[in-house]
Amino acid sequence: MAHLIRHKLTNKLTNAAHTVSNKSQAKVSGVFARLGFQTATDEEGVGFVECDDLDYDYRHGMQMDVLQGEEEGGRAEGEGELDGDSHYQRDGTDRRPSSMKTGGSLDEDKPQITTWEAGWNVTNAIQGMFVLGLPYAILHGGYLGLFLIIFAAVVCCYTGKILIACLYEENEDGIKVRVRDTYTDIANACCAPRFPALGGHVVNVAQIIELVMTCILYVVVSGNLMVNSFPGFPVSQKAWSVVATVALLPCAFLKNLKAVSKFSLLCTMAHFVINVLVIAYCLSRARDWAWDKVKFYIDVKKFPISIGIIVFSYTSQIFLPSLEGNMQKPSEFHCMMEWTHISACVLKGLFALVAYLTWADATKEVITDNLPSTIRAVVNLFLVAKALLSYPLPFFAAVEVLEKSFFQDGGRAMFPDCYSPGGQLKSWGLGLRIALVVFTLLMAVFVPHFALLMGLTGSLTGAGLCFLLPSLFHLKLQWRNLLWHHVFFDVAIFVIGGICAISGFIHSVEGLIEAYRYNIHD
């Protein structure tokens with residue numbers, strides 16, 4: 001009887017601890033959960049729902065020694081800690097002091113979403129605007145490129161599942177309890193106790209790189225689309241990029257994502273219409289499809305870049321812990337991951353193949369540039385509008401990570417707080433935001449190559465966050481519970497992901513250097 005009472009109290013306190021810890025997500029995650037799919041429209045939008053929560057845990061990860069000292073005074077004697085986690089109990093009964101607010105109610109329910117809403121967000125994450133670069137990957141990979149689209153879907157689905165498994169530990173009764181909240185928690189747990197904050201550093205650096213590179217890609221694609229829409233205008237791609245950046249300068253004044261989220265559903269619908277138009281045009285030319293051009297031959301020099309492009313189109317792992325934590329039925333997470341990735345695999349494969357069969361060797365980096373001039377301008381203008389409306393999401397997330405890591409870290413920041421006591425952004429803080437916008441412009445001007453930048457980003461951060469880190473963390477945290485085939489899969493994914501990341505990174509950098517030299521001589 002005493003054991004039953006203790007077990008019930010354990011479950012109640014576990015739910016209360018998770019309720020309180022999720023208050024830190026109110027700024028962005030709360031909007032995400034209330035609006036369902038409206039706050040996420042592409043690879044970046046859904047990832048940024050996680051931003052505040054990830055930043056919060058990262059900041060407190062740097063103070064784990066302080067939290068550990070505070071908790072040791074409040075824990076009941078005889079209860080042990082998780083190996084590698086200094087602020088969670090094995091049974092999840094101990095609440096996190098950093099998440100507790102004065103006057104907070106433990107009975108407050110966190111916002112939750114249905115399985116369909118969660119699936120919609122994952123679908124938008126892995127079937128966004130950058131799908132337009134997949135036919136270019138088929139150009140250099142042929143049937144192997146199609147296989148890679150399927151392989152990447154399978155691997156990313158699997159690593160998403162094992163990443164969520166790392167959030168749980170078995171308590172004394174053999175029941176799995178959620179003891180971690182974010183990707184950063186998992187990383188810190190793997191690096192503790194010797195380097196308790198190293199994992200947070202690695203994950204956040206990878207996130208910042210991916211977010212900034214995504215901003216650069218939006219500026220590049222805007223210039224590329226405009227110059228191909230109006231080839232008769234005496235305006236270069238670099239000049240169009242400058243025009244796009246001028247329109248993006250107001251992003252420096254963003255205080256939250258409420259205004260941006262209003263355009264999310266519109267962007268998604270516009271992108272869906274564009275994909276339908278491209279496929280419809282390709283089907284109208286089905287009689288001229290060049291099946292003989294699709295071969296097993298690959299371009300050894302450029303195919304590794306295609307690997308990065310394909311991997312980048314599947315990136316969603318960074319926000320999955322927050323998404324699973326907000327689901328009404330977390331037990332359906334695995335099923336949701338399977339049908340979303342299967343549908344993404346089918347749609348991506350068909351889109352890439354049909355587009356390549358239509359234009360064959362003339363396939364360009366952004367497939368809409370192959371459309372006839374009569375409809376190309378209209379379609380590209382819609383894409384430019386979507387790119388410009390999507391830019392604030394990664395920009396705001398990158399600013400949040402940088403500000404809270406270097407300027408607002410509870411007195412331990414490297415630089416003074418960029419906000420006044422009244423919450424107003426200081427002038428030099430605004431200057432730093434404008435500098436970040438200008439930096440994305442400079443990168444877009446000096447490296448105006450969409451496919452190369454996308455391949456570089458996918459090889460560098462995409463492979464790391466989707467392949468390498470989840471498999472490594474799974475082996476480290478779940479080693480005792482793994483079957484031999486799980487160990488084999490994790491090791492194989494880590495090795496394959498490492499090879500793809502290194503080869504893609506090297507060839508992308510070589511391509512960028514070669515393109516830069518060509519531009520100089522030109």
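Any Cβ shown, glycine's included, is placed from N, Cα and C.
The feature compositional bias 'Basic and acidic residues' is assigned by TrEMBL to 72-97.
What TrEMBL lists as domain 'Amino acid transporter transmembrane' is 112-508.
According to TrEMBL, the feature region 'Disordered' maps to 70-110.
Panel annotation: around the transmembrane segment (143-164), residues 126, 134, 137, 183, 186, 294-296, 298, 303, 306-307, 310-311, 313-317, 320-321, 324, 333-334, 337-338, 341-342, 344-345, 348-349, 352-353, 466-467, 470-471, 473-474, 478, 486, 489-490, 493, 496-497 of the same chain, lying at least six beyond its termini, place a Cβ under 8 Å from a Cβ of the stretch. Annotated transmembrane segment per TrEMBL: 143-164 (among others), in sequence order.
With a threshold of 8 Å between CB atoms, the same-chain residues lying at least 6 positions outside the transmembrane segment (205-227) that come near it are 43-44, 48, 54, 129-130, 235-241, 243-245, 248, 315, 318, 365-366, 368-369, 380-381, 383-384, 387-388, 390-391, 394-395, 397-398, 401-402, 436, 439-441, 443-444, 447-450, 453-454, 456-457, 460-462, 464-465. According to TrEMBL, the transmembrane segment annotation covers 205-227 (among others).
Per TrEMBL, the feature transmembrane segment maps to 263-283 (among others).
The transmembrane segment feature in TrEMBL is assigned to 303-320 (among others).
The transmembrane segment feature in TrEMBL is assigned to 340-359 (among others).
Remote same-chain residues near the transmembrane segment (430-447) are listed as 212, 215-216, 219-220, 223, 238, 241-242, 245, 248-249, 251-253, 395, 398-399, 402, 418, 453, 512, 515-516 (criterion: CB distance under 8 Å, separation of at least six residues from the stretch ends). Residues annotated as transmembrane segment in TrEMBL: 430-447 (among others).
If you look up TrEMBL, you'll see 453-475 (among others) marked as transmembrane segment.
Beyond the transmembrane segment (487-506), the same-chain residues lying 6 or more positions past its ends with a Cβ under 8 Å from any Cβ of the stretch are 155, 158-159, 162, 304-305, 307-308, 311, 455-456, 458-460, 463-464, 466-468, 471-472, 474-475. Residues annotated as transmembrane segment in TrEMBL: 487-506 (among others).
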Distal contacts, the transmembrane segment (340-359) - CB-CB under 8 A, six or more residues away: 119, 122-123, 126-127, 131, 134-135, 137-139, 145-146, 149-150, 153-154, 156-157, 275, 278-279, 281-283, 285, 288-291, 293-294, 313-314, 367, 370
Distal contacts, the transmembrane segment (453-475) - CB-CB under 8 A, six or more residues away: 130, 133, 155-156, 159-160, 162-163, 165-166, 183, 186-187, 190, 202-203, 206-207, 209-210, 213-214, 216-217, 220, 304-318, 447, 482, 486-487, 489-491, 493-494, 496-498, 500-505, 507-509, 511-512
